[in-house]
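Colleague: As listed in Swiss-Prot for this protein:
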type: BINDING; residues: Asp131, Glu204, Glu206, Asp238; note: Ca(2+) binding site
type: ACT_SITE; residues: His138; note: active site, proton acceptor
type: BINDING; residues: Arg147, Gln245, Tyr249, Thr355; note: substrate binding site
type: BINDING; residues: Asp238, Lys258, Thr262; note: Mg(2+) binding site
Amino acid sequence: MALLKSFIDVGSDSHFPIQNLPYGVFKPESNSTPRPAVAIGDLVLDLSAISEAGLFDGLILKDADCFLQPNLNKFLAMGRPAWKEARSTLQRILSSNEPILRDNDVLRRKSFHQMSKVEMIVPMVIGDYTDFFASMHHAKNCGLMFRGPENAINPNWFRLPIAYHGRASSIVISGTDIIRPRGQGHPQGNSEPYFGPSKKLDFELEMAAVVGPGNELGKPIDVNNAADHIFGLLLMNDWSARDIQAWEYVPLGPFLGKSFGTTISPWIVTLDALEPFGCQAPKQDPPPLPYLAEKESVNYDISLEVQLKPSGRDDSCVITKSNFQNLYWTITQQLAHHTVNGCNLRPGDLLGTGTISGPEPDSYGCLLELTWNGQKPLSLNGTTQTFLEDGDQVTFSGVCKGDGYNVGFGTCTGKIVPSPP
């Protein structure tokens, strides 16, 4: 089959060819109304302009106003038939042999914007955010550090996707500075706890699923139908203050050590775009209980990378590489488990995967693991470092390598700035 091509010039190394078309929300000017968009090459396609021109002419979307909203929530709520229709329409009107947009100079000028000149914002209203703990390698490494080899992974971990409820209000878009959090820490021994800026600030390499239609209160989602409730994935950095977290987490789990900031990438890559990169998820032993047993257990071959640009330096260092395949619990199992007690999910809710660590030290997904809680400093082109310092910039990237094209997520970037005096 010939590779689908667009009339938009897209470089071979671009994350955003016509095979991808990820969704986001942008503002052409800082004071303009937000509008939904898809990315293609170096351009942003304004979906409100496409909608107003009547180009969404399918049965579901022809009279819909979902792309005239300032966020994606209404579109997310419409479900997979609408998502598939939108994708089909967009691929058709952007294809190289379709004149309806290609040859309409007025509409092209109205619809396309240079990505480098627009402001991207959080693309949906996030009512709730839950963070899972789905990588076995990450769970094992944390257990080895804090509990020892005898109890590295708690028995319940292999039985259910562990999670905690995060703070939706502090989720920010890529490029937003992160203020070093303040809180209580506790030194070794019997010393009194201290209060002040975190001394062990860390990143966590994660991805997150964006919830689509969701479910009514009291009506769980079957694990084999869960994919129809996941619109797509994005990159996520769940910034973590390890010293605050270690002192506070017993007995109820993370609080101030996590709630100060979570960064997401601006573009949501749909499950339809990821479908060619689906792969078998790890075999689960013991077998999951029936409500978590999937007919097909799918992960995705998404290569992930973290770059650290130390404060005052012009160069960045690649400090780890991992892959979405390293998740033990699938995103569909995570969603099904979340709802099995009757909990209702809503359009735009965010489900984080937890840190995606691989089996080898160069694939660990956070500094806690990479430096083994500060005991093994990281080498950075002639200098060493344990945790994040003020001025450090962390950038995630993720991409699927296709045959002649990429399906990528762009980047997820944040810089650490000092705590206020």
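Backbone N, Cα and C define each Cβ position, glycine as well.
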Colleague: How many other Cβ atoms sit within 10 Å of the Cβ of Glu204 (Ca(2+) binding site)?
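Modeller: Excluding its own Cβ, Glu204 (Ca(2+) binding site) sees 26 Cβ atoms within 10 Å.
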Colleague: Tell me the Cα distance separating Glu204 (Ca(2+) binding site) from Thr262 (Mg(2+) binding site), rounded to the nearest angstrom.
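Modeller: The separation of the Cα atoms works out to 10 Å.
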Colleague: Given the recorded positions His138, Glu204, Glu206, Asp238, Lys258, tell me which ones have a C-alpha lying within 10 Å of the C-alpha of Gln245 (substrate binding site).
Modeller: Lys258
Colleague: According to DSSP, does Arg147 (substrate binding site) sit in a helix, a strand, or coil?
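Modeller: DSSP assigns Arg147 (substrate binding site) to coil.
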Colleague: Within 10 Å of the Cβ of Arg147 (substrate binding site), how many other Cβ atoms can be counted across all chains shown?
Modeller: 12
Colleague: Could you list the residues of the same chain, at least six apart in sequence, whose Cβ is under 8 A from the Cβ of Asp131 (Ca(2+) binding site)?
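Modeller: The answer is Ala163, Tyr164, His165, Gly166, Glu206, Asp238, Lys258, Leu351, Gly352, Gly354.
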Colleague: Are there any residues in the same chain, six or more apart in sequence, whose C-beta is under 8 angstroms from the C-beta of Thr355 (substrate binding site), and if so which?
Modeller: Ser135, His138, Glu204, Leu205, Glu206, Asp238, Gly365, Cys366, Glu369
Colleague: List, in sequence order, the same-chain residues at least six positions removed whose CB sits under 8 Å from that of Tyr249 (substrate binding site)?
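Modeller: Result: Phe255, Gly257.
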Colleague: With substrate as the bound species and Arg147, Gln245, Tyr249, Thr355 as its recorded binding residues, calculate the greatest Cα-Cα distance and give it in Å as a whole number.
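Modeller: The widest Cα-Cα gap among those binding residues is 19 Å.
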